[in-house]
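Each remark here refers to the structure printed beneath this line.
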């Protein structure tokens, strides 16, 4: 009897629960159909606004667009380091990038043109609108011959051959420019004065490609002290992958020498955005990416040496270590969780057989010895010697080197032993700021010796100085604009907050160093070399 009573009560509860669900659904449908059309949820694109007769510039549409953008920023900001988020969240970001509307927001964030943002206002400032000289045919890195097509294999570099082993032709010649892959447009756009334009419409697409394009080949890059991979995409674009070795909040131990430090993937990402904010534009575009070690490296690699270094750790994670000078061993293996690994994806420059580059030893190169000091550390008049030595005895090469020293000081990068230029342009061109992985290692201390070129030469471009002053003001604070730029990256947050705060402190020290030079100089123009004329 008791058992029958229990069964009766249970059935009654189930029926009541189903009835309540049905009633809630009915109420929801009635309310939805009763509301006016304009009050229903809709997309924030232009078509949707026309459908409900909302003017494109109305407060309502602006509010919806801001809400959509905030959702995207919150989502990308929540999937930061692998330790703080789950795999499904990261995959979700890549899937959402392809959705209508969301992709536009993604591109706007990467381009830095969000209305009301500090980054957008910064790039509108006159200091970021100083025109470059007119670019002639001889100032272009490549001049595309409309009657020719170039084989990727003709470069003589295996890195340019797809794993499909099909004969690959660059889409030049009679093919319309609009059909070129983004990486090729980026290469063609390089000229004597800049690696890419300030308002480059290709930049958002190129960053998205680096973060989402399917990887068809992964091989280890030869040389170097630490493991790096060359990733190839279906359209023959390539990227340099630097895997995650440290978490964002790990500082370089105080007893480490600068040449024994790890390279950091997030430093490469942050360096690109910082370089752009300083208006140098000398670092190739870099995006963060979450890579599947199994599917996107191990299963597709044709590098036999790399393939031999994969193993499963005792914790069940997929690991590999490759071959390199120092940090390639089981003790320094790179492991996924279980096979997901963060890394930076940097767009490769044109192959050196197609666009030769010259490597220059930095005059302020460190000794890379545990006890021996370099000459510039011992000779207070060292800059006078540099000024008399080609190529620093003419042109703006020395000033470009001082720009690079300022960038390195802001990042805390002590590992700048060489730099490169495109050989075609001779001495009259910009320096390439490559290999920035040892930046952003410490935030609690600064390294004043990085500023030696500025302190010893007491010269700086007027445009650089004015931009630094601007970035020290509240409306354009450096930490704020860099934080905003990095928020769009798939691996956001890219930098720990103390690193962003350290930027403002270091910027102040750069301005103090210039102030000391101005106080000692008999003529201000010897310190602030005018490169802006009447534009500001």
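In case you wondered, yes, glycine gets a Cβ from its N, Cα and C as well.
All annotation found in TrEMBL is predicted automatically rather than curated by experts.
According to TrEMBL, the protein has these features:
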BINDING   226, 242, 263, 346, 347, 348, 349, 420, 435  ATP binding site
BINDING   263, 435  Mn(2+) binding site
DOMAIN    310-525  domain 'FAM20 C-terminal'
ACT_SITE  415  active site
*Top Cα neighbour of residue 415 (active site) in the set of binding-site residues 226, 263, 347*: 263
*For residue 347 (ATP binding site), write down the residues of its own chain that are at least 6 apart in sequence and whose Cβ falls under 8 Å from its Cβ; none is a fine answer.*
183, 186, 206, 210, 237, 239, 284, 285, 286
*Which entry in the list of recorded positions, 263, 415, 435, has its Cβ near the fewest other Cβ atoms, using 10 Å as the limit?*
415
*Under 8 Å Cβ-Cβ from residue 226 (ATP binding site), six or more apart in the same chain: what's there?*
245, 262, 263, 324, 326, 327, 328, 437
*Within 10 angstroms of the C-beta of residue 349 (ATP binding site), what count of other C-beta atoms is obtained when all protein chains are considered?*
21
*asked:* Restricting to the domain 'FAM20 C-terminal' (310-525), what is the model's mean pLDDT?
replied: 94
*In Å, how long is the longest CA to CA span across 226, 242, 263, 346, 347, 348, 349, 420, 435, which the record gives as the ATP binders?*
20
